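Participant: A single structure is presented below for examination.
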Amino acid sequence: MSDKLTGKAKEVEGKLTGDKAREAQGKAEGLLGKAKEKINDVKEDVKDKAKEIKEKLDD
């Protein structure tokens with residue numbers, strides 16, 4: 001399961017049980033998951049741009 005989903009589950013669990021630490025842990029994991037997704041998006045964009053530039057240079 002992704003960090004984002006795991007985090008959301010822990011956050012909801014914390015809210016339902018009144019466990020503020022668990023809720024905070026869930027929020028933190030959710031943010032980590034979002035950050036990882038953004039990093040992967042940027043990596044893909046960089047790869048695409050590098051490929052595009054390489055193709056232009058090869059022409």
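The first residue you see is number 1, and the count goes up from there.
Every residue gets a Cβ built from N, Cα and C, even glycine.
This is the feature table in TrEMBL:
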- 1-26: compositional bias 'Basic and acidic residues' (COMPBIAS)
- 34-59: compositional bias 'Basic and acidic residues' (COMPBIAS)
- 3-48: domain 'CsbD-like' (DOMAIN)
- 1-59: region 'Disordered' (REGION)
Participant: In the same chain, who gets a Cβ under 8 Å from the compositional bias 'Basic and acidic residues' (34-59) while lying at least 6 residues past its ends?
Facilitator: 3-4
Participant: Taking the domain 'CsbD-like' (3-48) alone, what is its mean pLDDT?
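Facilitator: Mean pLDDT across the domain 'CsbD-like' (3-48) comes out at 96.
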